[in-house]
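Visitor: Below: one structure in structure tokens.
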Amino acid sequence: MTERRVPFSLLRSPSWEPFRDWYPAHSRLFDQAFGVPRLPDEWSQWFSAAGWPGYVRPLPAATAEGPAAVALAAPLAAPAFHRALNRQLSSGVSEIRQTADRWRVSLDVNHFAPEELTVKTKEGVVEITGKHEERQDEHGYISRCFTRKYTLPPGVDPTLVSSSLSPEGTLTVEAPLPKTATQSAEITIPVTFEARAQIGGQEAGKSEQSGAK
């Protein structure tokens, strides 16, 4: 099967700036995820709950000693946070949605300009690639590169795969699913007797009677 590159439409606003700062001025260095699925809204509640592995209960002396005691707990929470996040991302969490008639995958690529993204299909697989050379950001110099592959559902026509880029930097790749064969209504077929067989039997009986005479 030949390789096919999928063009994507831009849904950018007129004032879009590809290299503008997407995050507040106090963004941290580890807030530079790219090429990863968008995190569900429920995760923000999960991260702040006492049930997740990265949660650290404030030290008893925190109220008495002020911010210094809270700072001691922060280094303990950060590694656990990253371990839990990596476990979730490596376990197959992804924005893949499939309805009765459509297959769709969403990917956060806000660090890449449109010309730095490539979407193509080959042998029933959608491959998304993003790459930009070293450039300066608020933390220094950085270059990024990623490749993600998704298997198309059986029966999907690769030539019908399309993609679009939203103003928020979310790449959406989708394709229509093949229509299932509709089952016909139940029909009762009557059984009929062939008249020729009956006529043939009567003629054979007459010939036997004439031969006996």
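Note that Cβ sites are derived from N, Cα and C of the backbone, with glycine treated the same way.
According to Swiss-Prot, the protein carries these features:
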- 84-192: domain 'sHSP' (DOMAIN)
- Arg12: omega-N-methylarginine (MOD_RES)
- Ser13: phosphoserine (MOD_RES)
- Ser15: phosphoserine (MOD_RES)
- Ser27: phosphoserine (MOD_RES)
- Ser90: phosphoserine (MOD_RES)
- Ser91: phosphoserine (MOD_RES)
- Ser94: phosphoserine (MOD_RES)
- Ser106: phosphoserine (MOD_RES)
- Lys131: N6-acetyllysine (MOD_RES)
- Thr182: phosphothreonine (MOD_RES)
- Ser184: phosphoserine (MOD_RES)
- Ser207: phosphoserine (MOD_RES)
- 78-213: region 'Interaction with TGFB1I1' (REGION)
Visitor: Between 0 and 100, where does the mean pLDDT of the domain 'sHSP' (84-192) sit?
Guide: 83
Visitor: Compute the C-alpha separation of the residue listed as 'N6-acetyllysine' from Ser106 (phosphoserine), stating it in Å without decimals.
Guide: 18
Visitor: Pick the one among the modified residues Ser106, Lys131 whose Cβ has the fewest other Cβ atoms within 10 Å in this structure.
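Guide: Each of the modified residues Ser106, Lys131 was scored by Cβ atoms within 10 Å; lowest is Lys131.
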Visitor: Could you count the residues of the domain 'sHSP' (84-192) that DSSP puts in helix, in strand and in coil?
Guide: 13 helix, 53 strand, 43 coil
